[in-house]
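Structure first, then comments.
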Amino acid sequence: MKVLWAALLVALLAGCWADVEPEPQLERELEPEAPWQASQPWEQALGRFRDYLRWVQTLSDQVQEEVLNTQVTQELTVLMEETMKEVKAYREELEEQLGPMASETQARVAKELQAAQARLGSDMEDVRNRLAQYRSEVQAMLGQSAEELRARLASHLRKLRKRLLRDAEDLHKRLAVYRAGVREGAERSVSSIRERFWPLVEQARARNANVAAVAAQPLRERAEALGQQLRGRLDEVREQVEEMRVKMEEQADQMRQQAEAFQARLKSWFEPLVQDMQRQWAGLVEKLQAAVGTSPTTAPVEKQ
């Protein structure tokens with residue numbers, strides 16, 4: 001999931017290049033936004049990326065034109081290709097982790113992962129095509145309609161910030177659904193086992209009642225024979241119930257361990273990628289600042 005978070009960041013960049021109508025006037029004062037609640041590493045990375053986009057939008061006109069002419073686009077494309085490799089590796093690892101689960105659950109999760117990977121690959125291919133198209137438009141518009149170019153850039157950045165926040169909240173909900181699904185699956189397994197062996201308990205109670213009625217007869221020998229039969233039946237049922245209780249406990253413990261391992265795997269996948277993205281984005285910021293030169297505009301302070 002960690003890698004999918006990073007892939008989501010890259011895939012969302014495709015939306016920032018969508019065609020928009022040019023605004024009549026560039027808004028120099030950005031609209032206020034709700035504060036970003038960052039408690040997890042990936043949330044902090046999203047917050048820094050979001051603030052970075054706002055900072056780029058506040059740059060001067062000359063600096064914006066220089067930014068559009070840097071090699072940021074090429075480096076972003078390399079980052080996309082690396083992310084796709086990580087997504088593929090993570091998907092294979094996740095499918096191995098889901099091996100012990102039910103076949104229909106494994107098939108459903110694998111299908112969702114394949115669909116997500118296909119959508120991500122399509123989005124990244126669209127990003128490359130749109131980047132080439134937009135770069136050509138920038139070169140054609142330089143010196144002709146700078147105000148329109150700045151307005152389009154500002155609109156792209158605003159749309160990207162909103163998409164980041166919306167998709168981050170959506171992914172929060174999806175994680176909650178998966179966690180709820182794990183708990184629901186465990187409860188269904190326990191309920192299924194209980195339904196299978198509850199009739200045995202009822203049968204034992206019925207036999208006990210019948211034997212008790214027959215034992216009231218004056219024939220002692222018949223009562224003893226029936227008593228022995230009852231004890232044998234009860235011992236058999238007791239052993240079956242005890243065996244199933246042990247199996248239920250083992251299965252519940254196994255499912256808890258799988259859930260914990262799954263969460264640990266998500267954390268171990270995501271944290272290194274967040275650090276790698278932070279380093280790469282830090283490199284991009286340094287290049288942007290190098291292009292800015294002595295510009296008075298400064299980048300926003302990184303959230304701790």
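In case you wondered, yes, glycine gets a Cβ from its N, Cα and C as well.
The annotation signal peptide is assigned in Swiss-Prot to 1-18.
What Swiss-Prot records for 78-99 is repeat '1'.
Annotated region '8 X 22 AA approximate tandem repeats' per Swiss-Prot: 78-242, in sequence order.
As annotated by Swiss-Prot, repeat '2' applies to 100-121.
In the predicted model, the repeat '3' (122-143) has a mean pLDDT of 58. According to Swiss-Prot, the feature repeat '3' maps to 122-143.
Feature annotation from Swiss-Prot assigns repeat '4' to 144-165.
As annotated by Swiss-Prot, region 'LDL and other lipoprotein receptors binding' applies to 156-166, with the evidence given as similarity to another entry.
For 166-187, the entry in Swiss-Prot reads repeat '5'.
The feature repeat '6' is assigned by Swiss-Prot to 188-208.
Taken from Swiss-Prot, the feature repeat '7' applies to 209-220.
Counting residue by residue with DSSP, the repeat '8' (221-242) contains 22 helix, 0 strand, 0 coil. Feature annotation from Swiss-Prot assigns repeat '8' to 221-242.
The region 'Homooligomerization' feature in Swiss-Prot is assigned to 253-304.
What Swiss-Prot lists as region 'Specificity for association with VLDL' is 265-277, and the listing cites similarity to another entry.
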